[in-house]
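Below you'll find the structure, written out as structure tokens, and then a few comments.
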Amino acid sequence: MDPEDLFSTNLIDGTIASRIERQHRSRPSVIVIGAGISGVAAARSLYDASFKVTVLESRDRVGGRIHTDYSFGCPVDMGASWLHGVCNENPLAPLIRGLGLTLYRTSGDNSVLYDHDLESYMLFNINGHQVPQQTVIEVGDTFKRILEETGKVRDENPDDMSVSQAISIVLDRHPELRQQGLAHEVLQWFICRMEAWFAADADMISLKTWDQEHVLTGGHGLMVQGYDPIIKSLAKDIDIRLNHRVTKISSGYNKVMVTVEGGRNFVADAAIITVPLGILKANLIEFEPKLPDWKVSAISDLGVGNENKVALRFDKVFWPNVELLGIVAPTSYACGYFLNLHKATGHPVLVYMAAGRFAYDLEKLSDESAAEFVMQQLKNMFPDACEPVQYLVSRWGTDPNSLGCYSYDLVGKPTDVYDKLRAPLGNLFFGGEAVSLDNQGSVHGAYSAGVMAAENCQTHILEKQGQLEKIPLVSLRHEMLETSIPLQISRM
Ligand SMILES: Cc1cc2nc3c(=O)[nH]c(=O)nc-3n(C[C@H](O)[C@H](O)[C@H](O)COP(=O)(O)OP(=O)(O)OC[C@H]3O[C@@H](n4cnc5c(N)ncnc54)[C@H](O)[C@@H]3O)c2cc1C
């Protein structure tokens with residue numbers, strides 16, 4: 001009998017528990033909830049260490065917020081697309097090297113303004129007039145100055161405030177930094193780019209922590225072949241049950257019982273929870289016993305942002321050969337930009353990216369209306385723009401499997417929120433991007449968080465079974481991938 005069937009009665013009585021105990025004694029078992037990068041990384045580590053691993057995934061695909069779509073005939077990442085930190089210290093570097101994947105670097109180490117260098121922009125106003133590059137550079141410098149000045153505001157104020165509040169204080173103190181007319185619109189565009197980094201509006205972003213992230217060196221690189229090969233490689237041979245939406249997690253008797261939609265139960269020695277923070281915030285999974293108050297507070301004290309993409313495939317390229325085509329406007333909400341995938345991958349694809357409240361508003365439109373809206377923006381810049389052959393629209397904010405795109409620090413976030421989020425509860429362990437030690441909101445952060453949760457889970461189980469000394473905790477597979485093959489980077 002399959003161990004999970006033993007629990008179809010929904011009861012963990014002494015008899016059943018002891019039978020399960022006997023079945024599992026030889027090989028420790030773990031259920032991983034969620035088959036995003038964090039879940040598959042956790043599962044991979046455990047599988048390579050000879051644990052019995054079952055991954056339960058609500059969607060009909062693996063990858064989660066990594067979703068490389070191939071319907072255009074070329075890879076288009078509708079979720080994560082950049083590797084933040086193109087360097088050997090990036091935990092994903094061994095995998096990327098081993099799989100021979102190429103990176104297109106959109107910015108180097110000195111890029112202050114997020115994942116693009118200033119020279120790769122071409123900006124237009126709402127009437128389609130190109131913004132002189134000199135204005136872009138000058139306002140970019142002013143924006144850096146404003147951000148530096150917000151550092152002083154932070155030092156003076158013990159209490160946290162939003163980045164937009166701090167910018168207002170700086171502009172009141174330094175009227176010479178205020179911009180007028182077109183320059184004001186360009187400044188709003190830089191704020192829009194900042195908001196895209198956090199996937200939240202500037203009035204939601206914490207002044208205390210916005211620049212405190214430990215960013216890896218090497219700049220930012222687009223995954224030319226998409227992120228999907230990494231997921232596929234990690235997921236190879238793992239028992240992943242798609243269309244298994246977890247509704248309840250019960251822990252006790254040194255066992256965890258996980259219930260999926262439809263009532264089927266799965267049982268293991270421990271579970272690793274890697275569902276997005278948005279799912280935990282929405283209480284879509286019942287915990288038995290209930291999560292302690294400190295865990296519930298940690299879940300609510302961290303923010304989840306939203307970002308959406310509208311990808312357009314054309315049959316010819318009618319736009320200039322730059323990486324970003326931006327639209328400046330009087331407010332950051334009304335600004336926008338397209339990522340030119342043609343420059344990075346050679347395919348005639350533009351990807352419009354929207355973040356924060358605007359990303360939620362975009363989800364209120366049908367796919368067709370979203371594509372029309374975006375095309376109108378493009379036609380303002382290029383009146384001769386042709387219609388797209390195909391389009392794709394993401395809906396990360398309302399997708400019941402994600403409910404947001406990634407976590408960010410809310411104003412006034414308690415300092416120990418990450419420690420509390422990642423803290424295990426008996427035989428329940430927590431992975432996912434939001435519990436990453438240093439790089440929340442990223443793929444490599446989610447990966448490391450999954451590996452770390454797996455290591456903690458392994459140690460916990462082996463300690464309980466008195467086997468800690470007998471089994472090595474190191475996964476051989478990753479050591480094998482530590483080769484001297486260099487990262488393949490275009491646009492150095
Ligand atoms: C639009 C967008 C752009 C991004 N850009 C970048 C980028 O360029 N670079 C970067 O580094 N990061 C980027 N990110 C962030 C990155 O994608 C995430 O940090 C990372 O993929 C999260 O991985 P995860 O495993 O923690 O979560 P997920 O990938 O969300 O995995 C969690 C899994 O749990 C599943 N699940 C949910 N509920 C249940 C349930 N009840 N039962 C079972 N399974 C469930 C989900 O379906 C999902 O597969 C972006 C994200 C988005 C959305």
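Every residue gets a Cβ built from N, Cα and C, even glycine.
Not measured: the values here are computed from a predicted model.
According to TrEMBL, the protein has these features:
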DOMAIN    37-456  domain 'Amine oxidase'
BINDING   SER38, VAL246  FAD binding site
BINDING   TYR352  substrate binding site
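Ligand 1 lies within reach of SER38, VAL246 from the binding-site residues SER38, VAL246, TYR352, judged by a C-beta closer than 6 angstroms to any of its atoms.
Within the same chain, the residues at least 6 positions away from SER38 (FAD binding site) whose Cβ sits under 8 Å from its Cβ are THR274, GLY431, GLY432, GLU433, ALA446, TYR447, ALA449, GLY450, ALA453, listed in sequence order.
Take the CB of TYR352 (substrate binding site) and look out to 10 A: across all protein chains shown you find 25 other CB atoms. Rounded to the nearest whole angstrom, the C-alpha distance between TYR352 (substrate binding site) and VAL246 (FAD binding site) is 33. Cβ neighbour count for VAL246 (FAD binding site): 23 (other Cβ atoms within 10 Å of its Cβ, all protein chains included).
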